[in-house]
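As recorded in TrEMBL, the features of this protein are as follows:
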DOMAIN    1-324  domain 'Aminoacyl-transfer RNA synthetases class-II family profile'
BINDING   Glu82, Gly83, Thr84, Arg114, Gln128, Glu132, Arg257, Tyr261, Tyr262  L-histidine binding site
Amino acid sequence: MSTFQAPKGTYDLIPPASATYLAVREALAAPLRRAGYGYVETPGFEHTELFARGVGESTDIVTKEMFTLTTKGGTELALRPEGTASVLRSALENSLHKLGNLPVKLWYSGSYYRYERPQKGRYRHFSQVGAEAIGAEDPALDAELIILAVDAYKSLGLRNFRLLLNSLGDKECRPAYRAALQDFLRALDLDDETRRRIEINPLRVLDDKRAEVQKQLTGAPLMRDHLCEACKAYHEQVRELLTAAGVAFEDDDKLVRGLDYYTRTTFEFVHDGLGSQSAVGGGGRYDGLSEMIGGPALPSVGWALGVDRTVLALEAEGVELELPAATQVYAVPLGEEARRTLFSLVTELRREGVAADFAFGGKGLKNAMKSANRSGARFALVAGERDLAGGVVQLKDLESGEQSPVALDAVVAELGRRLG
Ligand code: AMP
């Protein structure tokens, strides 16, 4: 072991498990690519103020969980704890919303950082695939994003996930609800920090996981009973579109999520095999966020799906992804001439699209065959001086153990045929 270890709350992705991780990332993004979302990549850090304003001064993410730093020039930066604020910042800065084609649909994938108490499924460095549809208020857009997430999970073979759905109202109806909720909460027996939360963001008290708090929340006023006509109709349309698409959901009146920017549609995907860190993804509508960070009114909706937890959910369900073989053909040269010949063959195979590897480091036959088997290759190409003198290499099927000579100039075609 080296002197150093990965920092607390982080882990390395190493082969072969990393291949699953990569495949999950690709599967989560695939439905978005088919639905007109363009790829966006923003920096790993932003001005701290963007998250303070965008994610919300009262959220755990901003108050407790950001990795912040001051540059030598005195600029306050934070490693990104989430994607939405950055992507919206980028869309505004690059005037994507002025190109006349709203909504601007973007997807992204990358690392996010939160200073959290690490446990299984909760890390300080984790990975998300996200999507944002910026600049349109249309229940079909909310439904589209939810359906794309469901399709992504299903394409991986996940079954035991549930979709929780709620509406948080808008600037018309939320203030009155907020006041009613505050009145209710102020009368409860709560600690000082929660009391402060009542004044800053009372909705988040509903999300408190502690049993002693939840017990007191029975009878709390619910947003559902305070939605204005427009929000009610909007939410009903989202629900109808989901139902028509065969997407099952559970209405969850207390789903508020940990970020301040959400309005109307809010949703979360939970997986029942994950214990306490059960949220595999979530999102919602954020109609006021653009104005909060200095942009024009741009009603928008988006989600982020956690890659790490999706991998854990697959493990919990015992789903093994069918991944393309890392190596299909492994070449084992015996002697100098064979090294040159097989090395050229391997290059040629790779150029033909075959995943091929080579016994590097001058290994003897026994060791090289061990490596061939460990590589997972289906075929080995073995050649010594006598084979080359006869113009052939030995093609060995590592599954059946059968071996036969193949003419040098026919090897690539023969392997192509056998590998289909
Ligand atoms: P959020 O922005 O908190 O809604 O996060 C969206 C998704 O990212 C969650 O549903 C999780 O799957 C994942 N996620 C958030 N925080 C973490 C973390 N600390 N470790 C691993 N995954 C996370």
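The count begins at 1 with the first shown residue.
For all residues, glycine too, the Cβ spot is worked out from N, Cα and C.
TrEMBL feature annotations superimposed on the structure.
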| residue | record | Cβ contacts under 8 Å, 6 or more apart |
| --- | --- | --- |
| Gln128 | L-histidine binding site | Glu82, Gly83, Ser109, Gly110, Tyr112, Ala304, Leu305, Gly306, Val307 |
| Arg257 | L-histidine binding site | Asp207, Thr266, Glu268, Gly282, Gly284 |
| Tyr262 | L-histidine binding site | Leu168, Val256, Gly284, Arg285, Tyr286 |
Completion exercise
Sorting the binding-site residues Glu82, Thr84, Tyr262 by sequence and keeping only those with a Cβ under 6 Å from ligand 1 gives Glu82
Practice task
Could you tell me the maximum Cα-Cα distance in Å between the residues recorded as binding L-histidine, namely Glu82, Gly83, Thr84, Arg114, Gln128, Glu132, Arg257, Tyr261, Tyr262, rounded to a whole number?
Solution key: 21
Practice task
Could you tally the C-beta atoms, other than its own, that fall within 10 angstroms of the C-beta of Thr84 (L-histidine binding site)?
Solution key: 28
Exercise for the section: Tell me whether Gln128 (L-histidine binding site) sits in a helix, a strand or coil according to DSSP. Expected result: strand
Completion exercise
In three-state DSSP terms, Glu82 (L-histidine binding site) is classed as coil
Exercise for the section: Enter the number of other CB atoms within 10 angstroms of the CB of Glu82 (L-histidine binding site). Expected result: 21
